Amino acid sequence: MSNVVPTPVSPLFAQPFATRLERALQHLRIGRPVILMDDFDRENEADLIVAADKLTVPVMAQLIRDGSGIVCLCLPGETLDRLELPPMVDSNRSRYSTAFTVSIEAREGVTTGVSAVDRVTTIRAAIAPGARSGDVVSPGHVFPLRAQPGGVLTRRGHTEGSVDLAALAGLRPAGVLCELMNADGTMMRGASLERYAAKEGLVALAIDELAAHLQARGATGAPAELAVAA
């Protein structure tokens, strides 16, 4: 179960899931971020996610300012294959098999690559229709993640959740995320997460809720199905 139990006891989950999901999809369509939480016995993390299609420089600055600074671009395998981005390591021994590729930078239009403007430029280059390997270089300051086929029905990760939500919103199946952190460097959870969500006016969803929603509708996680499963 998620760190903040999805009952009316927590203001994050005071509204029914269907209501929060519709609000979240509306926010993603206009470029606003959404909080996505995983299970308590997994990473126990709250990530700030945004649809890559709608990413803006101010939102990127928010991800960097309020998160860990490690901004990830979550993409389906076919997009990463077209960009010819290999895995970061040959043998992935991380606890949850998080599928990092080599980091990237836009080939053109960036300076150091680390500013909010430069990271947005890199992400736009990577998700552009027809983007190819020559449009990005490695290493860089954006960290692509390979979403597993089947989305959260296959792997209960933020990577898959962000791609699934973008597809549910009718957008390109590509998400951008960063783990939320407190000012003291600890992960943002519990009461501090509730305060942050209230201050920023953000919707929160849990991955287990999203998976249950998709299972109930018989979705397989394919982007075309997700676009009509909301």
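Placement of Cβ uses the backbone N, Cα and C atoms for every residue, glycine included.
The D-ribulose 5-phosphate binding site annotation in Swiss-Prot covers ARG42, GLU43, ASP47, ARG155, ARG156, GLY157, HIS158, THR159, GLU179, and the record cites sequence analysis as its basis. For GLU43, HIS158, the entry in Swiss-Prot reads Mg(2+) 2 binding site. What Swiss-Prot lists as Mg(2+) 1 binding site is GLU43. Residues or ranges marked as site 'Essential for catalytic activity' by Swiss-Prot on the basis of sequence analysis: HIS141, GLU179.
Feature map: annotations from Swiss-Prot on the structure.
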residue : record                                  : DSSP class
ASP47   : D-ribulose 5-phosphate binding site     : strand
HIS141  : site 'Essential for catalytic activity' : strand
ARG156  : D-ribulose 5-phosphate binding site     : coil
GLU179  : D-ribulose 5-phosphate binding site     : strand
| message | On a simple 10 Å Cβ count over all chains shown, which one of the recorded positions HIS141, ARG156, HIS158 is most densely packed? | response | HIS158
| query | Among ASP47, GLU179, all listed as binding-site residues, which has the most CB atoms within 10 Å of its CB? | reply | ASP47
| task | Quick one: pull the CA-CA distance for HIS158 (D-ribulose 5-phosphate binding site) versus HIS141 (site 'Essential for catalytic activity'), whole Å only. | result | 19
| note | Here the binding-site residues are ASP47, ARG156, GLU179, and the Cα closest to that of HIS141 (site 'Essential for catalytic activity') is found at GLU179
